[in-house]
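For reference, TrEMBL has these:
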type     : residues                                                                               : note
ACT_SITE : Lys14                                                                                  : active site
ACT_SITE : Asp154                                                                                 : active site
BINDING  : Pro112, Val113, Gly114, Gly115, Gly116, Leu117, Gly118, Gly119, Gly120, Ser121, Ser122 : ATP binding site
DOMAIN   : 81-161                                                                                 : domain 'GHMP kinase N-terminal'
DOMAIN   : 224-280                                                                                : domain 'GHMP kinase C-terminal'
Amino acid sequence: MITDAPTQWLAPVKINLFLHINSKIPEGTFRGYHELQTYFQRLDYGDYLTFECIEEPTISVQWLEGDESVALKPVQERNDLIYRAAALLQEAASARGLPRQGVRITLTKNTPVGGGLGGGSSAAATTLLALNQLWEISLPIAELLPLACPLGADVPFFLYKTNAWAEGIGDRITPYPSPVAGKWFLIVVPKTRTLTAQGFAHPKLIRNEAKVAPSDLAEHWNKSSYNAFEACAIAEDPAIAACDKALRNATGFSRLTGSGACLFSPVENHATAQQVADILIRDTLQIQRIIIARALPDK
Ligand SMILES: C[C@@](CO)(OP(=O)(O)O)[C@H](O)COP(=O)(O)OP(=O)(O)OC[C@H]1O[C@@H](n2ccc(N)nc2=O)[C@H](O)[C@@H]1O
Ligand SMILES: Nc1ncnc2c1ncn2[C@@H]1O[C@H](COP(=O)(O)OP(=O)(O)O)[C@@H](O)[C@H]1O
């Protein structure tokens with residue numbers, strides 16, 4: 001019997017061009033979470049996922065080593081964001097009177113876990129998008145969003161498949177023209193990881209930034225804005241501090257993405273990126289590796 005090869009999907013990473021925190025939410029469902037403003041930029045780099053649909057309604061997720069090892073795979077499968085996304089969609093299909101179908105998923109792990117690149121969130125969103133199509137459920141994005149939110153504050157953004165301005169807890173998404181589409185970026189992966197919840201809990205985090213309009217920031221993202229986690233991350237973690245200093249010395253710019261630990265800088269072109277990367281890796285002990293990637297265009 002001839003079967004179709006499983007289809008391969010890229011789960012692209014994001015960088016936060018800037019990230020301001022406006023307040024801590026005092027009550028309601030998201031009590032203790034933070035209201036923020038950020039610009040999510042997608043890059044042409046990420047994990048690869050394959051989906052092999054099967055009739056038996058079981059879900060399995062296998063992690064394969066890519067640029068990253070599989071050492072940080074969640075111990076229990078039911079905690080894997082990919083597994084949880086597939087299970088939520090299975091439930092949604094069943095609730096609509098559609099048959100429960102199964103899937104064998106593989107993840108080729110390229111993105112560092114705890115890097116601030118949204119690897120887990122992007123893989124979860126890609127799973128929702130892929131299985132919505134492959135299982136022929138065809139939910140509109142408005143009906144996928146309630147499934148995405150409980151998986152993580154970053155997951156809704158990845159459903160839009162475009163660069164976007166985000167507010168609320170990061171879940172209120174407005175597609176907005178990218179100020180950097182097509183530009184090359186260096187992403188420094190330090191020999192350390194950060195935990196998002198710890199970053200948000202830091203006592204010295206700036207939590208009262210005034211709100212701005214997208215037009216104020218997207219075009220001046222590298223001058224009149226900042227990443228609220230950066231100062232604390234640099235103060236707390238010598239590896240992040242060393243990588244930040246090295247990248248800033250080499251390119252004149254360095255910024256944390258998300259709650260860290262990765263730092264990024266725009267660069268002129270691929271050749272320059274490679275030259276700078278080679279020198280940084282040679283001279284900076286605290287760098288694990290460097291990703292060279294290009295900002296994806298808007299949809
Ligand atoms: C900081 C950001 C910026 O893009 O990215 P990462 O560094 O994780 O990539 C996101 O806001 C992270 O999104 P995500 O990684 O999905 O976080 P979640 O799992 O939803 O939340 C982890 C924990 O962070 C805190 N949290 C999260 C989002 C938010 N707006 N306020 C918060 O205080 C909560 O304590 C929550 O329990
Ligand atoms: N499929 C998955 N891929 C990556 N991380 C996952 C996955 N499932 C659960 N996680 C957990 O999600 C957390 C955030 O991971 P990740 O999205 O890679 O980093 P970040 O939020 O810093 O960008 C980690 O604690 C990780 O163990």
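Cβ from N, Cα, C; glycine included.
Overlay of TrEMBL feature records on the structure.
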{"residue": "Lys14", "record": "active site", "contacts (Cβ under 8 Å, 6+ apart)": "Phe40, Gln41, Arg42, Leu43, Leu117, Gly118, Ser122, Asp154, Phe157, Phe158, Thr257, Gly258"}
{"residue": "Pro112", "record": "ATP binding site", "contacts (Cβ under 8 Å, 6+ apart)": "Glu68, Gly119, Val189, Arg193, Ala261, Cys262, Gln288"}
{"residue": "Gly114", "record": "ATP binding site", "contacts (Cβ under 8 Å, 6+ apart)": "Leu72, Arg193, Thr194, Leu195, Thr196, Ala261"}
{"residue": "Gly116", "record": "ATP binding site", "contacts (Cβ under 8 Å, 6+ apart)": "Ile15, Asn16, Thr194, Leu256, Thr257, Gly258, Ser259, Gly260, Ala261, Cys262"}
{"residue": "Gly120", "record": "ATP binding site", "contacts (Cβ under 8 Å, 6+ apart)": "Leu81, Val113, Gly152"}
Collapsed DSSP category at Asp154 (active site): coil
Listed recorded positions with Cβ under 6 Å from ligand 1, out of Gly116, Gly120, Asp154: Gly116, Asp154
In sequence order, those recorded positions of Lys14, Pro112, Gly118, Ser122 whose CB lies under 6 Å from ligand 2: Gly118
For Ser122 (ATP binding site), the three-state class that DSSP assigns: helix
Local backbone state of Lys14 (active site), from DSSP in three classes: strand
Helix, strand or coil at Pro112 (ATP binding site) [DSSP, three-state]: coil
Gly118 (ATP binding site), number of other Cβ atoms within 10 Å: 29
Residues within 8 Å of the Pro112, Val113, Gly114, Gly115, Gly116, Leu117, Gly118, Gly119, Gly120, Ser121, Ser122 Cβ centre (excluding the ATP site residues themselves): Val13, Thr111, Gly258
